[in-house]
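Novice: Provided herewith is a single structure, encoded as C-alpha cells, for subsequent inquiry.
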Amino acid sequence: MPGKTTELSLSGGSGKREGLLPPHKLSAMYEETTEATKSPTTTIRLLACANGVGLTISSIMTAVLSVLNNQISILDIVVIIISAWVGIFALFLESKLALVHTIRSTITHGVPICGHVTLRGGIYTIAGLLNFAILEPLHIVVGLFSTGVGIYMIKIGKKAGEHLVTLRTSITDEKALLKAFMRHDENGDGYLQQEEFESLMLSLGVELDRDELDAIFFTIDVDNDKNIVYDEFRSWWKQTTSETRVTLS
C-alpha cells in the first residue's frame with residue numbers, strides 16, 4: 001500500500017522520535033486507558049448537555065409564568081433570553097446526536113473559538129451567575145449547576161491547553177508532524193480516532209482522563225465527525241505554531 005511505503009520511509013534513518021517515548025514504555029500505559037477512551041459519552045459532555053436542558057427549561061418556565069401572572073420585568077426578559085440562547089447553544093455544541101452534527105460543524109467553522117472548552121465554560125458560568133438574579137428555587141438550582149459545570153469546563157480547558165502546548169512543541173516540523181500522524185494511525189485508514197489520538201499523547205508522556213481527551217480531541221476535530229484527518233491536524237499545528245511565534249515576538 002502507498003501509505004505503508006511512506007510510513008516506512010519516514011520512520012527510517014536515524015530513528016530519532018522527536019521526544020516520543022519508545023513503544024515498550026507506551027504499551028503498558030496505552031492498554032490501561034484505551035478502553036476508557038472508547039466510552040460513547042464523557043462526563044463533560046453529559047454535564048454540559050444537562051446544563052443546556054436546564055437553562056432552556058428554566059427560561060421557558062419563567063416566560064410562561066410571567067405571561068400567566070401578567071407580571072414581567074426587564075430582568076426577567078434578560079434572564080429568559082440569555083438562558084434560552086445559552087441552553088440551545090449548549091445542546092448544539094455538546095450533543096453527539098447525528099441530527100445536530102451539521103449545525104455544530106457550521107458553528108465551529110464560522111466561529112472557531114466556540115470549539116474551545118474554556119470559552120464555553122466561561123459562557124455557562126456567566127449564564128449560571130445571571131440566574132441568581134431571580135431568587136426562585138428553580139433559578140437557584142439551575143444557576144448553581146450551570147456555574148459548577150462552567151467552572152469545571154474552564155479547569156478542564158486549561159489543562160487541555162497545557163497538553164496541547166506539549167503536543168505542539170514536541171513536533172518540530174511538518175515532516176515530524178506527518179510521521180507522528182502516520183505512526184499512530186494504527187489501522188491505516190487516514191484518520192486518528194480518539195483511542196489513536198490518546199496513543200499519540202501517551203507517546204509524549206501525557207496521560208489524559210476522558211474529559212481532557214474529549215476537550216483536546218474536539219479542539220482539533222473541528223467538524224465533530226469523531227475523526228481527525230491529517231489536514232485538520234496540520235491546520236491546527238500551523239495555526240498554533242504561528243500564534244506562538246506572534247506571542248513571542
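Heads up, the Cβ atoms here are built off N, Cα and C, so glycines get one too.
In case it helps, TrEMBL gives these features for our protein:
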REGION    1-20  region 'Disordered'
COMPBIAS  1-11  compositional bias 'Polar residues'
TRANSMEM  46-68  transmembrane segment
TRANSMEM  74-93  transmembrane segment
TRANSMEM  138-154  transmembrane segment
DOMAIN    172-207  domain 'EF-hand'
DOMAIN    208-243  domain 'EF-hand'
Novice: Would you kindly list the residues that approach the transmembrane segment (138-154) from elsewhere in its chain, counting only those six or more residues past its ends and only Cβ-Cβ distances under 8 Å?
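Specialist: Non-local partners: 44, 47-48, 50-51, 54-55, 58, 61-62, 79, 83, 86, 117-118, 120-132, 215.
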Novice: Apart from its near flanks, which chain residues at least 6 from the ends of the transmembrane segment (46-68) lie with a Cβ under 8 angstroms of it?
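Specialist: Hits for the transmembrane segment (46-68): 76, 79-81, 83-84, 86-91, 93-95, 120, 124, 127, 131, 134, 138-139, 141-142, 145-146, 149-150, 152-153.
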Novice: For the domain 'EF-hand' (208-243), report the average pLDDT of the model, please.
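Specialist: Mean pLDDT across the domain 'EF-hand' (208-243) comes out at 76.
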